[in-house]
Every structure is written in structure tokens, then in C-alpha cells.
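According to TrEMBL, the feature active site, charge relay system maps to A:Ser128, A:His170, A:Glu197.
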Number of protein chains: 2
Amino acid sequence: MPHGPLMIIGGAEDKVRKPTILKHFVALSGGRDARIAVIPTASSLGREVVDVYDALFTKFGAARVDAVRPESREQAHDPALVKALDEATGVFMTGGNQLKLSSIVCGTPVGDAIVRAHERGAVVAGTSAGASIQSSHMVAFGVGGATPKQRMTQVAAGLGLVDAAVIDQHFDQRNRYGRLLMIVAQSPQLLGIGVDEDTCGLVEDVDGDLLMRVLGKGAVTIFDGSRMVSNAHEAKRSSPLLASGVVFHTLPEGAVFNLSTRTLVPQEPVVDAEDADELAEASRDLRELARDIAAADATPAAVARRLRKRRTPRSS
Amino acid sequence: MPHGPLMIIGGAEDKVRKPTILKHFVALSGGRDARIAVIPTASSLGREVVDVYDALFTKFGAARVDAVRPESREQAHDPALVKALDEATGVFMTGGNQLKLSSIVCGTPVGDAIVRAHERGAVVAGTSAGASIQSSHMVAFGVGGATPKQRMTQVAAGLGLVDAAVIDQHFDQRNRYGRLLMIVAQSPQLLGIGVDEDTCGLVEDVDGDLLMRVLGKGAVTIFDGSRMVSNAHEAKRSSPLLASGVVFHTLPEGAVFNLSTRTLVPQEPVVDAEDADELAEASRDLRELARDIAAADATPAAVARRLRKRRTPRSS
């Protein structure tokens, strides 16, 4: 069985007006058959956060929502929590403090059960802290700012659902370019993935390649340091870092990126219904005109009439 | 005669504690022989701003400081102002509103005299607004934010001292990644140059290539969209833009970037005096060890002693 989809959400996903991302999570988890485990450990308001997601996922049609809320590594050995994860079709990790989440669950039966859920095909989703923990390497904490500076952030170990990567969130809103770049400058084998608020990278295994499709209001930013030149091993104190030749992708909704080959997957342009009708008409008309010209049957008036009609939509 | 150096300063350059950049400007302009023209037109506090730079440049040894302060296109035809520019060895454009500066001086005798000063070898420097105006294309205004969005900024025409480029300033401090990326996504032939506060890109023509050396506290960020894929021609309203495959450089003090070939110029690593002594000693010792081994004269004790000494400096 192929591994399940991952949903890497940049925090502050819309829960009220246009909750596209959370609805998509329930649908992917099986809709009316969805059994969802919510892990609120990152949050200091665990109980209340579970209530919110329970209400939302139930409203979107999930059959069952369980709270899996270890608050210590000891509790992360509880067989009842492991059972809830083993039976889940979808796992959702909330926001909060990712270092609390990772230091409580990683390397425990609960942590292992999350990895197992992913391996058997369940959806694993997480927002903010719950996004960060999905990569092999995790931003533990650090300051904002666009320019990468030595020591501006700390790396800890994540769950490793996305290998050879480091995920950051609230990316645009908290200006986290610098800290993600610092990590990539120090560890160029890691792909840097920055996710904006109310935005999701949906990662699926397609024929052995990990493809990420972007959903939501913002963008996902990728830093690829494969061929970078950096001075990270010798930069002193908190000085700005040299990072030259980083390849950079900013990906809005609909864009698909191959995380395995680190390349954009070309997409057909989206044409709305009205534009499609206009284009089809213009296309018919041009074909007719070409025929008339070939038959030496195009009068100047006929050509002028056709060219007047052949406005391509939305050019201005 | 080769064109003069350009100093592209990202705003808020240190004037009191460590005024490296402004001192460098006076030195490049001729030190005791420097005749400097200050253009404060971008600022709404023109007179006071001139007083500050006059005091500074005089303190750093300049022979003479003139104010060139047109407040209208009409005044930018004043022969006295043109004369001050024609006699200057250094021109300094202050911060403020770059659209005020460009719309008053570009295409007037004062604007032409700035270009002429550059062409005859004088130093042309500018901070903030005075940096932006130096490129062929200029950020007129626009909002902050890391993610590029359609319509988040406006482009106007600059003086064109740096061709095929667009310069932005206060880059880290005001989070201007998004707007510079938006411009590069729409115009991939332009090199995007973002300069942090108290930081300077010093641009010089070396054998026909424009080389930029970074001075100061922050970094200069380069966006190269040469091989970018973008949806800028079809992105609607204010939606986030696709910009995939932008090559990205963040350059701290000492880094040198070739703006003509769009590549980093390799630099020798800077080794401080103490490290240099340690390295030299370790190097002598290793050579001796190699000779002893070749002569089959290395006892285990001698090898151990040498390896203990052979710590490379600062590794930890």
C-alpha cells in the first residue's frame, strides 16, 4: 500500500468563512467514513483546541473524532492513544509549540503510531507546529527577518514523514525567509519549505516521486541549496550569511512541485468557462479564415470582420 | 575614462558610531579634494538633511559640499545646479520619496548632469530613495510582505545608471521580498537587487564587467529570473504569483557579485592574524611529519604529539 497523503498547513487555516483546507482533509480521510485522531499536544490550550476541531470535522461529515493528547513522554506510551491512532483514517496535529510536540511524541509509541498511520495510507495533516514536525529536520524556534544570519534559529529532529527537508510556517506573515535560508545554508542537502498561513502543501507519492500540490490563499516557498555557495562554516557570531545560487520557487494555489526531483511540474493553464467559450469561438473563426485565404476567397471586408471578432479574451 | 563607482545604500546608514559607508564615499570622491553635491530632493526635510550630510562629509575631510535641491522640474533646469554637479567629484542623493526625486530630476538638465557625472568617473551614491533611482526600473511604491502578489507594487523609470535592474532598499527591515519578486516575475530580464539598511552595494566597472562589492552591516539580496517559470501574465487581482526557478543570492559584507554575468566572484577566505599564525604552525608541523614518515623516522609518540598540536583553528 502506498504511503498516505500529507497535509502541511502554514497555520491560521480558515475555519469559518472558506474552510477549504480542513474540508479537504476530512474528504481525503474518507468523508462519512473518516475516523480522525486530533493531537493537540503542541498547544497549551489542548482541550479547547480539540473541541474546535471536533466540532469542525464532525460538521464536515467525519464519522468519529478522537483526542490523542499526551502531555508527557510517559503518557505517549498509553496503549489507548496508540489504538486511536492505529484505527484512524486521518491524523491532525494542531498548532502551538513544535518543540513541545516533538519532544513529547517523537520516539514514543504515539510517535511511532503516527509514522505507521502514514505508512499504511492514512492522511497525516498538521498546521503550524503540526506542519513543522513532519519534516526530518525541524525549526525549533528562532527570530524573524528576511536576511539569513548565523545562529538566528535552532534545528531539532522532527517525525521525518518528509525526508531531507525542513518545514517552516506562518512564512510570509512572520517574515521567516532568513531563518529558513540559514538552515539551508548550513545544511544544503535539506530542501527548505516555507508555508504561508491558510495555505497547504498536499504531498502525495505518485509513482515513487513525492509531488506537492498547493491549496489555499497564500504560497509555498521552496529553497533548493543543491548548488549553493555558502560561508556558513566560517561566519562568525550573528553575522549575515553568504548564500549564493540558491534556487527559489514561490508556488501559489494549483502549482505542483516535485519534491523528489526539485522541479516544478508543468500544469495546463486554468481557463474559466466564459474565456473558454470566447477562445473556442475565436479558434473556429481563425480556422475558417485560414480556409478562405487558402481558397483565395478572403475579401478585405471578410478579413476585417473576422479580425474584429478575434479578440483574445482578457488581453488589455 | 571608465564610468565612476556607484554606491547603492539601503537606507539608515550609520552616521554616528561606525559611519563606514559614508566615510568610504568621501574617500572614493577624493578625500581632501572631494567636491560633493548633495541632492536632497527626495526628502520633505531637504534643508535639514543637507545640513546633516554637509556636517558629516566636511568632518570626513571633503573640500566642499554643495546642495543641489530642485523642488520642481522647472528648478531642475537651473544652470547653477547643473554647474555644481558638473564640478562634483561625488554626488550623494538622500532618502525620502523616490518618485518625488525621479519625477523632478529624470529627463531634466539636473538628471542629465548626474548621468554625465557617472560617465566621467565621479562617484554617484544614494541611500534609500537615492538608491532606488539608480536602476533603469524603479520601485515607485508598494506594500511589504514576503510572498509576491499581483499588483502589490508599481514600477516607474529610474536614472538607469544600473541597466536592466530594479533596486529595492530597507530590504530586510521592511520585508520587501514579495514586491521585488513580483517585479522580477513580471520582468525576468531585470535583475532584482534588494539592499538592507546600513549596507551598500559598491558597483564598479572592471574590464567591462559590473562588479558589486558589499559593505556594511546587512546583506544584499539578488533575484535572477533568467530561467524562471511564472504565471504573471495571467494571475488575477492580487493573487500570489508563481515564480519557480528564480536563482537567489544573499551577499554579506565582503562578497563580490558580477552583475553582468550574474555570478558570485570567488573570494579568498578572510583569516584573522591569530588564526593565520596557528595555521602556519600547523602547516609546518604537518610538512615535518610527512618528511619523517617518508624517512621511516616517525615514532608513534612523535606522531601523537604532532596530531595533538595540529588542531585547525576554531573547529569545535
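Keep in mind that glycine also has a Cβ here, set from the backbone N, Cα and C atoms.
TrEMBL labels come from automatic prediction, so no person has curated them.
Residue with the densest Cβ environment among the active-site residues A:Ser128, A:His170, A:Glu197: A:Ser128, by other Cβ atoms within 10 Å.
Rounded to a whole number, the C-alpha distance linking A:His170 (active site, charge relay system) with A:Glu197 (active site, charge relay system) is 5 angstrom. When secondary structure is read from DSSP and collapsed to three states, A:Glu197 (active site, charge relay system) falls in the coil class.
A:Glu197 (active site, charge relay system) sits 8 Å from A:Ser128 (active site, charge relay system), counting Cα to Cα.
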